[in-house]
Amino acid sequence: MSTISLKKWLNLLARLLNHFFNISNVFYILLIFVPITIILDIFFSIDNTVLFALSVLALIPLAKLVGDTTEHLAEHYGNTGGSLINVTFSNTPEIILSIVAIQAGLFDLVKANIVGSILGQLLLVFGLSLIVGGLKFREQIFNKKNIVFHITLLLISITILSIPTILILGNLTVTEANIENQMESTGFMVMILSNSFAILLLSVYVLSLFFTFKTHKDLFVTSTNETDLMSKPNSNAEILITKKIDDPRIWSKKKAIGILAISMIGIAIISEILVSTVEETITNLNLGVLFVGAIIIGIVGNVPEKITSMMMARKGKLDLALGIAANSASQIALFVLPVIIVGAMIMGVSFPLIFTPFELITMFASIFLVYFITNGGRGNWFQGVILVGFFIAIALGFYFIK
Amino acid sequence: MSTISLKKWLNLLARLLNHFFNISNVFYILLIFVPITIILDIFFSIDNTVLFALSVLALIPLAKLVGDTTEHLAEHYGNTGGSLINVTFSNTPEIILSIVAIQAGLFDLVKANIVGSILGQLLLVFGLSLIVGGLKFREQIFNKKNIVFHITLLLISITILSIPTILILGNLTVTEANIENQMESTGFMVMILSNSFAILLLSVYVLSLFFTFKTHKDLFVTSTNETDLMSKPNSNAEILITKKIDDPRIWSKKKAIGILAISMIGIAIISEILVSTVEETITNLNLGVLFVGAIIIGIVGNVPEKITSMMMARKGKLDLALGIAANSASQIALFVLPVIIVGAMIMGVSFPLIFTPFELITMFASIFLVYFITNGGRGNWFQGVILVGFFIAIALGFYFIK
Amino acid sequence: MSTISLKKWLNLLARLLNHFFNISNVFYILLIFVPITIILDIFFSIDNTVLFALSVLALIPLAKLVGDTTEHLAEHYGNTGGSLINVTFSNTPEIILSIVAIQAGLFDLVKANIVGSILGQLLLVFGLSLIVGGLKFREQIFNKKNIVFHITLLLISITILSIPTILILGNLTVTEANIENQMESTGFMVMILSNSFAILLLSVYVLSLFFTFKTHKDLFVTSTNETDLMSKPNSNAEILITKKIDDPRIWSKKKAIGILAISMIGIAIISEILVSTVEETITNLNLGVLFVGAIIIGIVGNVPEKITSMMMARKGKLDLALGIAANSASQIALFVLPVIIVGAMIMGVSFPLIFTPFELITMFASIFLVYFITNGGRGNWFQGVILVGFFIAIALGFYFIK
């Protein structure tokens, strides 16, 4: 066997190993938990806490599958269409889980999950990307305009979504009297406001798409290193995140839609199991609904996404990592939550948009912290420490709300 | 008839039509409601809700008349003196209405009106100017320093003015006990604080005039396009807004003072009617005091001003439009409200400076939103959508406070 | 006697007078109050209010002595080591006083003192430096990055430290029921959170030292005019603030440590007297604990430091003055308070980290105000007026919390 032939074989082996143990694909191994969870749920009377843990683990690869498949599908619809598909479908796992939870009446869990997802993007993804990137690069420059754009969208969304809570807390504090009685009439008010605000935010969302994909497109194309990435894709992970024009590995439209449909059905089934076991788990582990919703489901569910971000930051693409995180955070508030509210409205369920003060204050504080930190346009590891430190403190706070 | 003569006639006709149907002067047609409202009030026993609506309509041209007359008067007192007159007298309509309402004990209405005026400037004028300007120009550059200056003044004013409310809410929440009893002693505290803060803010206001018109004059002259506007006035509307040196159409000092006095008397009379009918209107229409004060009186009263702003933005003078809006907003908090408090003090009326949490939070949120949006120094239509969207949400919130 | 000899004598006299009546050293005259206070406390049964006033006066020169001695000591340990010593020991007066007060159970006083110290740095030192500097220089440029760095640290610290308060206030408002019962379990929660947050913040603090003195050292060296100051020290005051390499007037290591130890013992003794007299003083003067802690002890104690800052600003070194103030403010929240909490933990005292809403809101408002003001990177007198005006309003507010 010649040296060249040996090299070839080693190379092939390396690529094979790389493919399966690629940090990005390794999560697909967790797909094994999907059938395990379903089978255990149907045929065995297993402890609900274990079933809950398994269903959380099973959701991780399913959410990743939806994300990756959406990328493949987006390739077939040009730049703008593709981005729209990407943006719209990438949040389906969260929406499906929330709708299932709302049907089961777990309103606090849904709201906590939304809050946890936003905080996860703003503090954990931002923070870890800054730390991981900052340990390799002394300073990385990023486009602060793009981040401020999404942070502003987030600020307006959160402020609007907090209006019912402010009105109710404000009234309680001022009048004090006859809360029971008041609750009846305020319940009506909260529903009207929730639904109006959902429609208002969805309108702003549609206009924001028009702004970012049509009238002021260039602002956002230049702001990220996406074009750079496209021209020289270095790793599998990047390929899956960025646009892959004319790549033979892109799935056909049929295949993509099929896998998307299957993974969504999987998410719906697993969500049912998760929702049916969460209450007993909360009691068993003596945890609060907010902690389980915000920290366990909200954070664990997006682990692959977070790791991809960190990998990008480590490769000097901090701008891209932060841009995606800011975009995701603003989308959850501006699109996902309003869609859930409208979904509840259609299902005829009263989903009251009342948050705890702690949820609201931590979101506002996170927005301002990210604003202060990104306003210089340069990232270093210590900024990441601040954000992650804040996240740890918030997680501790959630732990004690019961 | 020769072609030239025809052209001349058509031209004259166009100028005549332009003068009367100029969007800026068209509001003077509403002056007809001044005598109508007064006559109906004195000689006919008309429904109070109708009378209220008429008096709101009658206030619009009167407020505009005060504004325009002040501009004419200012011309006679040089640059600094003129600006001072402008700044001082342009707010008289609001002050007169407030004093009349305070005499009638309608404290919540006065505070809501102040809040509505500030939100109207910060969200509606800013937002509509950005939308209208942004539909014509892709991006307009403006001097963010000027805006940040006024936003900072607004932030400190609102924070100081919210101290009594914070103290009372904070105490209530902590002690919970015996609110009635506490209210007696806190009433005393609130009055001392209100009056002290009014004097403190007026001192800061005087120093801010010294800063903007004396020691750091140049910062503000260069920040707006005023000099540009002066050299080439294009339309009637602009002429009325900007300085008109050596313009033959400027009213004489005597005429200006006379019209100013008459319009102020008119405002006082109409305010009396408005105030005497507002409570029945609120009951009849099942509206809240805050909604009527903040949205109906606070917003409708400044319609002409808002339209002029939008027209400026449409002509590429976004910087001027935003500068005037930011200036107006900070003046209401730093000058108008303190003057009203001092006025109440002189009249011997206890005007407690307690806001609802919703009023305070919406003002703070608006300040931060405007700060985030203007910090880039470039305006586009979507920023306007965000601000107007936020205003709609706030208006809905006010609607439900009863 | 020759003219030269006369000149020499006059010169010597001038230097002597300069040394003793230097505004910076003049505070050492107050050292006389240290023995007076101790003697009066032990041998005479003097009115406690007088003794309290004397002990506050006695603390002023002792705190200054610790600060100056630390500077001398720091000289012996190179740049990084010296800065670390400086940073660590300059806060000992505050820590000693707080530990003594905690042993006496005066928790509210300790917290108010911390809040007052932070507000004093952020509003008074910043504000007075801007006014004093601005009256001489039309505009002074400063490095806003350095300030934003510390303001961000302050924001995260204050937010984390406010989490227990938010959780308790939030819960009270939502459930309303059975506060007594709830307080028992929340007491436990508050202690765990306080201690965890103290350790978390101290970790962030250590990492911040690593960031500022090791990995991103250059960001902070270039940001202040320190290098400039070192090359041409003009006055005694500056020498005491800045690094003095090879200066014969620097005390030996032994002398510095000795004086440091003595002054710390003095602070401990005087703190005991202050703490033992403060409650009677509060009752006698009908003041609130918060006012005494935040305004009297928190502000008066740092007078020399504040005057040095103003002198720097007056000499055109506004950047240095603001940098030190921002640094001090962030250190109090990130280092001093956590150390106090850990100290209480070690002493086995439950020190509940619950602030009043007013304390928290004023700190947040101050952070945003300083951020808005410093974001332009240029200082003028009116910015100082805003900050000092805000401080006056806050002090009035504190006066009414009883």
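Heads up, the Cβ atoms here are built off N, Cα and C, so glycines get one too.
TrEMBL has this to say about the protein:
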type	residues	note
TRANSMEM	A:20-43	transmembrane segment
DOMAIN	A:49-213	domain 'Sodium/calcium exchanger membrane region'
TRANSMEM	A:50-67	transmembrane segment
TRANSMEM	A:114-135	transmembrane segment
TRANSMEM	A:147-168	transmembrane segment
TRANSMEM	A:188-213	transmembrane segment
DOMAIN	A:256-399	domain 'Sodium/calcium exchanger membrane region'
TRANSMEM	A:256-275	transmembrane segment
TRANSMEM	A:281-300	transmembrane segment
TRANSMEM	A:320-347	transmembrane segment
TRANSMEM	A:353-374	transmembrane segment
TRANSMEM	A:381-401	transmembrane segment
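Residues 111-112, 115, 118-119, 122-123, 126, 142, 144, 147-148, 151, 154-155, 158, 161-162, 164-165, 168-169, 190, 193-194, 197, 290, 294, 322, 326, 341, 383, 386-387, 390, 394, 397-398, 401 of the same chain sit 6 or more residues outside the transmembrane segment (A:353-374) yet have a Cβ under 8 Å from a Cβ within it.
Nonlocal intrachain contacts for the transmembrane segment (A:381-401), taken as residues 6+ away from its ends with a CB within less than 8 angstroms of a stretch CB, comprise 112, 119-120, 122-124, 126-135, 287-288, 290-291, 294-295, 356, 358, 362, 365-366, 369-370, 373. With a threshold of 8 Å between CB atoms, the same-chain residues lying at least 6 positions outside the transmembrane segment (A:320-347) that come near it are 87, 91, 94-95, 98-99, 102-103, 110, 114, 117-118, 121-122, 125-126, 129-130, 133, 142-143, 146-147, 149-151, 153-154, 157-158, 161, 194-195, 197-199, 201-202, 204-205, 208, 223-226, 229, 241, 305, 309-310, 312-313, 353, 370, 374, 379.
Residues 48-49, 52-53, 56, 60, 97, 106, 108-117, 119-120, 124, 274, 356, 358-359, 395, 398-402 of the same chain sit 6 or more residues outside the transmembrane segment (A:281-300) yet have a Cβ under 8 Å from a Cβ within it. Helix, strand and coil counts under DSSP for the domain 'Sodium/calcium exchanger membrane region' (A:256-399) come to 121 helix, 2 strand, 21 coil.
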